[in-house]
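Participant: Structure provided below as C-alpha cells; questions to follow.
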Amino acid sequence: MVVVTKKTMKIQIHLLYSFLFLCFSTLTLSSEPRNPEVEALISIRNNLHDPHGALNNWDEFSVDPCSWAMITCSPDNLVIGLGAPSQSLSGGLSESIGNLTNLRQVSLQNNNISGKIPPELGFLPKLQTLDLSNNRFSGDIPVSIDQLSSLQYLRLNNNSLSGPFPASLSQIPHLSFLDLSYNNLSGPVPKFPARTFNVAGNPLICRSNPPEICSGSINASPLSVSLSSSSGRRSNRLAIALSVSLGSVVILVLALGSFCWYRKKQRRLLILNLNDKQEEGLQGLGNLRSFTFRELHVYTDGFSSKNILGAGGFGNVYRGKLGDGTMVAVKRLKDINGTSGDSQFRMELEMISLAVHKNLLRLIGYCATSGERLLVYPYMPNGSVASKLKSKPALDWNMRKRIAIGAARGLLYLHEQCDPKIIHRDVKAANILLDECFEAVVGDFGLAKLLNHADSHVTTAVRGTVGHIAPEYLSTGQSSEKTDVFGFGILLLELITGLRALEFGKTVSQKGAMLEWVRKLHEEMKVEELLDRELGTNYDKIEVGEMLQVALLCTQYLPAHRPKMSEVVLMLEGDGLAERWAASHNHSHFYHANISFKTISSLSTTSVSRLDAHCNDPTYQMFGSSAFDDDDDHQPLDSFAMELSGPR
C-alpha cells in the first residue's frame with residue numbers, strides 16, 4: 001500500500017503546473033502571430049481565379065507582404081496599394097479587403113471579377129482611389145461607400161450594377177471624379193460635388209426633375225399608318241419611279257465604295273507583307289518578345305489616331321491590346337533611315353533589356369523590319385507626371401515627393417548600376433510615367449545613347465526638350481550623367497510649381513532669369529510664391545524648402561558642381577543635404593556675383609557686344625548674369641560668351 005504524504009502531493013501538483021506552463025509557453029513561442037494584412041490578402045487571392053499567375057508569389061506563410069507583386073507599401077511597411085488591372089482575374093472580391101485599413105488605392109479594372117461589391121470597402125478611411133471599372137460586378141452599389149471620407153477618384157463604370165442611383169455618394173466631401181456609366185442603375189441623379197462625373201449608358205436613370213418620368217419604364221403608343229387609295233395610280237407610279245431611281249443610286253454608291261475598300265485593303269496587305277519580314281540579324285534577342293509588324297498593326301487597330309498616347313521626338317506611342325488582353329504601349333520610331341545599323345540597334349536592345357528596375361519602364365518586345373522599328377512596353381494606366389500635374393484632382397505633396405524619389409532612383413540605376421551606363425538626355429515630367437499604383441517609372445531611356453566606361457562624355461547631335469537642356473550640352477553637344485542631373489533639377493521645379501519649364505519661364509520672364517529668380521525667392525524665404533496653387537495649404541513647408549535646395553544644387557551652371565544621382569537620392573531621403581548645401585556656398589557661381597565694372601571695362605568692344613547679344617540667349621535667360629562669373633575655371637569672359645552662343 002502506497003502512502004501519499006502531504007509533502008509528496010504538493011511536489012506533484014507543483015510539477016504538474018510547471019509542465020502545463022512549459023507546454024503553454026512552447027506553444028506561444030512556436031506560433032508567431034500572423035500579420036492581419038497577410039491574412040486579408042490571402043483571403044482576397046483565394047476568392048479570385050488567377051489564370052496568368054499574377055498573384056503566385058503571395059505566400060500565406062509570409063509576415064511581410066511588401067515584396068509581393070501588385071502590392072504597394074508605405075515606408076512603415078503598411079499595405080497602401082492593391083493594383084492588379086488587366087490580369088484576367090475572375091471570381092469574387094473578398095470582404096476581407098475591409099481589413100486592409102491603410103489602403104489608399106485599389107485598382108482592379110479591366111478584369112472579369114463578378115458578384116457584389118463588398119460593403120466592407122466602407123471600412124477603409126484612407127482610401128483615395130477606387131477603380132473597379134470594366135468588370136462584371138452586379139447588385140446594388142453599397143451605401144457604405146459614402147463613409148469613405150478621403151475618396152477622390154471613383155470608377156465603377158462598365159459593370160452590371162443595378163438598383164437605385166446611390167444618392168449618398170453626393171455626401172463624400174473630397175470626391176472629384178465619378179464614373180458610373182454603362183450599368184443598369186435607375187432613379188434620379190442628385191447633384192454631385194465631383195468636378196467630373198459620368199452616368200451615360202444607364203437607360204433607367206433621369207434627372208431629378210421632373211420626378212414623374214423616373215419610374216424606369218417607357219410607355220410607347222403604337223405607330224399607326226393609314227394608306228389612302230384616293231391618290232390614284234399616278235401617285236403610285238411616281239413613288240415606284242422614285243424608289244427605283246433611289247435604289248439604283250444606292251447600289252452604284254455601294255459598288256464604288258466596295259471597290260475603293262477592296263483597293264485600300266489590297267494596298268494595306270501589300271504594305272503589311274513588305275513590312276512583315278523581320279531583319280535576320282535582329283531575331284531572338286534574349287527575353288524580349290519578337291512581334292511581327294502585322295501583329296502590332298492589329299493590336300493597335302491599324303495604328304489608329306484614337307489610340308495615340310503621346311508624340312515625341314522619336315515618334316508616336318500607341319495604345320495596344322494583345323491577344324490575351326494585356327494592354328501595351330507601342331512606340332513607332334520615325335526617321336529610321338537615320339538610326340544605327342542592325343548590329344548597333346541589336347546591342348542597344350540587349351542593353352536596354354538588361355536595365356530592369358521598378359522605377360524604369362521595362363522593354364518587353366520589339367519589331368524590326370526593313371522599313372519599321374517598333375518598341376513594345378507595358379501600358380501605364382495613369383499616364384505621365386506632366387499630364388497629372390494638369391489634371392484634377394491635383395497630385396498631393398506626398399505623391400509629388402514620392403515621384404521625385406522614384407524618378408531619382410531610376411536615374412541612379414541608369415548612371416551607376418548599368419554596364420555600360422546609360423544617359424537619358426531628356427529628363428522631364430512627360431517622360432516620367434505612373435503605373436497603376438502611382439509609382440514613378442522613367443521612360444524613353446531606351447532611346448538614349450549608351451555611355452562606355454572609357455568615355456566621360458558623348459558628342460552627338462543635341463536631343464532634348466527646351467527648358468530641360470543643360471547649358472554645356474546645348475553649347476557643345478557633349479552630354480554626361482550631369483546633363484541628366486540638370487534635367488532632374490528642372491523636373492523638381494515642375495513638381496513644386498505645377499508648371500512646365502517653358503510655362504514657368506514665361507511666368508517669371510518679367511522678373512529676370514528663371515533659376516536666378518528661384519534662388520532669389522529662396523534667399524528671401526518666399527518659397528510659397530513658387531508653389532502650385534492647387535496644393536492649397538496641404539504641404540510641408542520644410543520639405544518644400546529641402547526639395548527646392550536639391551533642385552538648385554542640380555541646376556548649377558558647371559557640371560562639376562552638380563551632385564551625382566546617388567547623392568541626389570540620399571538628399572531627397574533626408575541625408576546629407578545640409579552639408580552639401582553649405583559646401584555649395586563655396587562656389588562663387590552659385591549665388592549672384594555680378595560682373596564688376598573693372599571686368600567689363602577691360603573687355604574689348606567686340607566682347608561687350610557679344611555679351612549684350614546673349615540677353616536673348618536661352619541659356620542666359622535661364623541662368624542670368626551669374627552664369628558668366630566663375631573663378632574656378634579661370635576662363636576669360638569671352639570664352640564663356642562663346643560657349644553660351646549655342647551649338648555650332
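Glycine is treated like the rest: Cβ placed from N, Cα and C.
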Participant: Of the residues ASN158, ASN219, ASN382, which is given the N-linked glycosylation site tag by Swiss-Prot?
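Facilitator: Checked Swiss-Prot: the N-linked glycosylation site annotation sits on ASN158.
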Participant: Among ASN184, ASN337, which is the one flagged in Swiss-Prot as N-linked glycosylation site?
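Facilitator: In Swiss-Prot, ASN184 carries the N-linked glycosylation site label; others show none in the record.
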Participant: Could you work out which of the modified residues (THR300, SER387, SER480) has its C-beta surrounded by the smallest number of other C-beta atoms within 10 A?
Facilitator: SER387
Participant: Have a look at the binding-site residues (LEU309, ALA311, VAL317) and report the one with the fewest Cβ neighbours inside 10 Å.
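Facilitator: So among LEU309, ALA311, VAL317, the binding-site residues given, the one with the fewest Cβ atoms within 10 Å is ALA311.
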Participant: Who are the long-range neighbours of the repeat 'LRR 2' (127-148) in its own chain, taking Cβ under 8 Å and residues 6 or more past its ends?
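Facilitator: Residues packing against the repeat 'LRR 2' (127-148) from afar: 85, 93, 103-121, 154-164, 166, 168-169, 171-172, 179-180, 185.
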Participant: Would you mind pulling the DSSP three-state label for THR476 (phosphothreonine)?
Facilitator: helix
Participant: If you run through the repeat 'LRR 1' (100-125) with DSSP, how many residues end up as helix, strand and coil?
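Facilitator: Per-class counts: 5 helix, 8 strand, 13 coil.
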Participant: Would you kindly give the Cα-Cα distance separating LEU309 (ATP binding site) and THR326 (phosphothreonine), rounded to the nearest Å?
Facilitator: 16
Participant: Cα of SER475 (phosphoserine) to Cα of GLY315 (ATP binding site): how many Å, rounded?
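Facilitator: So the alpha carbons of SER475 (phosphoserine) and GLY315 (ATP binding site) sit roughly 25 Å from each other.
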Participant: Across all chains shown, how many C-beta atoms besides its own are within 10 angstroms of the C-beta of TYR473 (phosphotyrosine)?
Facilitator: 26
Participant: With DSSP helix as H/G/I and strand as E/B, how many residues of the repeat 'LRR 3' (149-172) fall in helix, strand and coil?
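Facilitator: Split by secondary structure, the repeat 'LRR 3' (149-172) comes out as 5 helix, 8 strand, 11 coil.
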